[in-house]
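If you check Swiss-Prot, you get these features:
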- Gln150: coenzyme F430 binding site (BINDING)
- Lys259, Arg273: coenzyme B binding site (BINDING)
- Tyr336, Tyr447: coenzyme M binding site (BINDING)
Amino acid sequence: MSSAEEKLFMKALKEKFEESPEEKYTKFYIFGGWKQSERKKEFKEWADKIVEERGVPHYNPDIGVPLGQRKLMSYQVSGTDVFVEGDDLHFVNNAAMQQMWDDIRRTVIVGMDTAHRVLERRLGKEVTPETINEYMETLNHALPGGAVVQEHMVEIHPGLTWDCYAKIITGDLELADEIDDKFLIDIEKLFPEEQAEQLIKAIGNRTYQVCRMPTIVGHVCDGATMYRWAAMQIAMSFICAYKIAAGEAAVSDFAFASKHAEVINMGEMLPARRARGENEPGGVPFGVLADCVQTMRKYPDDPAKVALEVIAAGAMLYDQIWLGSYMSGGVGFTQYATAVYTDNILDDYVYYGLEYVEDKYGIAEAEPSMDVVKDVATEVTLYGLEQYERYPAAMETHFGGSQRAAVCAAAAGCSTAFATGHAQAGLNGWYLSQILHKEGHGRLGFYGYALQDQCGAANSLSVRSDEGLPLELRGPNYPNYAMNVGHLGEYAGIVQAAHAARGDAFCVHPVIKVAFADENLVFDFTEPRKEFAKGALREFEPAGERDLIVPAE
């Protein structure tokens, strides 16, 4: 076991509190209340201006429970040297977090092969690399809001939609050589050789267009709009580039083929009780989110980091934006998410588990059996609980029982997935960790937090009609997962842990994995935590701003 100074979280604990991390006693009511926070003082100054201008009350930190009775601690963004205030990790205060979701929501992938077949067989058009390049030129005019077919059509200012474009993905290397470089997401260039081979083989000779709609449209409309926006501009661009007459009988077939036949959304439509269309957070499966994150191609030999970056992205999207805002609202559930991507506590636990597994079994070399699940999950859970007991500062950092339960279980689940290369085994390791934790501490958190964990083992080891999906295909709307914070992002990380251990280039969909390797995306999906830190420091430059059409100040 590593010494205290070697713990990955020790630097953060020493920065956060004046006392030694091992100290059992602290002080209260001596820190100056909310005024100990520079950010809250800034908030109060702004609120006072707003109240003076409009005469209606606004933010007032003296309302409600007095803030600052305890130390208002800083947070170290895990995997970085950046310390920030907690307020800067609320997604409304963090432009990078917003852009991560914007870049996922505004992405729609549409296969081109069916449309090409209809063009050739029903409309008598020739499809060549040259015509594909011409079509892509047209689409990159139309997608950001340019008119292509009719006169007297209003258009959108390019400065508002500068982040909007379309590119091509193909596993056909001969075709890839003929596609203009500015339109191609080049698999061989962007991925390590072994991963590139896997992706090219999985995609085969199929061709896809990746459409990135304008961020600003997502701010005004919803995720389902992206699918419709892409469909309309694709159809108009095909009609223009291939000079299709609107009155031809086959055009209706072509319209379906080009707009709807091969659509890949990032999120599926939710049922009426959730009332959300495609490309909203509640419909994004865990495996799809894992494929959006690109850490695996940058750090292929570090499965722990790969899993941790996915957990961070998932916790932000599922806990902060989906459950914390769409399903709850207001201040939301920020600190359920921050527990897994700040202060290096989860990092310490996950790397401990990786080392344990590597020494005892080898990475992805153990059979996915209950014996392995019990061994690995128990070892890592007990290690995590011991750290909380040994270092009260870690307990204060994760002041909620459900935060600690999520962190221990995430480490146990990822470690089990590292051992077996199997996400279902990893999920069962998560469930076992929760049960062990409850036995040790009596409870896990708020009432109902552990609902899905109490009944989860049965449906992680068998396939049942309504509850038996493999973890890769489950998502926030899966039965029992629909309103439980501190779980969903970690599940995505367990998926990634299994596939990273196996050396897989993707978790669910090779085309989605390649789509998010695109270097023109605003958010850097190889390093979500570093991007969150930039957002917290107010150094991240987002898309979707309206400066061009508002008065200059």
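Just so you know, glycine gets a Cβ as well, placed from its N, Cα and C.
A quick note: this is a predicted structure, and the numbers were derived from the prediction, not measured.
Feature map: Swiss-Prot annotations on the structure.
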| residue | record | DSSP class |
| --- | --- | --- |
| Gln150 | coenzyme F430 binding site | coil |
| Lys259 | coenzyme B binding site | helix |
| Arg273 | coenzyme B binding site | coil |
| Tyr336 | coenzyme M binding site | helix |
| Tyr447 | coenzyme M binding site | coil |
Tyr336, Tyr447 as binding-site residues, winner by CB count within 10 A: Tyr336
Per-residue Cβ crowding (10 Å cut-off), top of binding-site residues Lys259, Arg273: Lys259
Rounded Cα-Cα span from the residue listed as 'coenzyme F430 binding site' to Tyr447 (coenzyme M binding site), Å: 59
Cα proximity to Gln150 (coenzyme F430 binding site), best match among binding-site residues Lys259, Arg273, Tyr336: Lys259
Cα distance (Å, whole number) from Tyr336 (coenzyme M binding site) to Arg273 (coenzyme B binding site): 25
Integer Cα-Cα distance in angstrom, Lys259 (coenzyme B binding site) to Tyr336 (coenzyme M binding site): 39
